[in-house]
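Undergrad: Just dropping this structure here.
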Amino acid sequence: MPRLEDHCWSCSCASSVETKHSSSGANWLASRAEEMMSIITSVLSQAYGSLHDVRAANLIRRGLVLFTVGVILALVLNLLQIQRHVTLFPEEVMTTLFSSAWWIPPCCGTGAAVVGLLYPCLDSHLGEPHKFKREWASVMRCIAVFVGINHASVKLDFDNNVQLSLTLAALSLGLWWTFDRSRSGFGLGITTAFLATVITQLLVYNGVYQYTSPDFLYVRSWLPCIFFSGGVTVGNIGRQLAMGGVEKPHMD
């Protein structure tokens, strides 16, 4: 007959074996779970890195497009003002590209890139996505109106600059109302006009160039209107680029 001690020893051995099996099973499950979590973390990190790279590349692409637009507009519009003798440069800079100072196009291009990138960022920050006339046809019309306002600033003849300034101010507000109508667009347009006018005043004050018949300190009183409409125009281009990405523009 088996003794009681042998029976107890066999029971304790069985319990020990079961405990070891359950412990090893738990360890295996824990290692599998840790491995899966490591794989998921690695995949998420790679996805985030790829998304970050795509966003950075898209930001650079939009900045380059806006810079190019700013350079082209600066060359065309500045040439128009020089030909109409609205702005005067020293003789030594008049032999450069398009009879303009070399630093004007890159400065305007940089400003256009900054303003155009700020518009969609501010829309996102305020939680007010801009949906009014979001199509390239509307953007092109906005550019045409802006060029027309700049052309009017040197072509229209008024009795005094105040009448011209009021007319251009009404046209600039009309451009904003027709193609923008957002609080962020109006605010950034005003900010752009203020900062650009101050910088221009400093440049003229230091003799870099000058305006004929200045009536607003050292510049023409209608200049802030040009900067305002230019800021709204570049902002609309920046918004459309941010919305479109690699997609086709949405039609309202």
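Cβ coordinates are placed from backbone N, Cα and C, and glycine is handled just like the others.
Any TrEMBL annotation is an automated prediction that lacks curation.
As annotated by TrEMBL, transmembrane segment applies to 64-82, 102-122, 134-154, 160-179, 186-205, 217-238.
So that I understand the layout, could you describe where these features sit and how close they are to other parts?
TA: Through the fold, the transmembrane segment (64-82) approaches residues 88-89, 97-100, 104-113, 115-117, 143, 146-147, 150-151, 153-154, 230, 234, 237-238, 241 of its own chain, all at least 6 residues removed from its boundaries and within a Cβ separation under 8 Å.
Counting same-chain residues at least six beyond the ends of the transmembrane segment (102-122), those with a Cβ under 8 angstroms from any Cβ of the stretch are 59, 62-64, 66-71, 73-75, 78, 93, 96, 130, 184-185, 187-188, 192, 196, 231, 234-239, 241-243.
Long-range contacts of the transmembrane segment (160-179) within its own chain (CB-CB distance under 8 A, at least 6 residues past either end) are made by residues 132-133, 138-139, 141-142, 145-146, 149, 152-153, 185-186, 189, 213, 215, 220-222, 225-226, 228-229, 232-233, 236.
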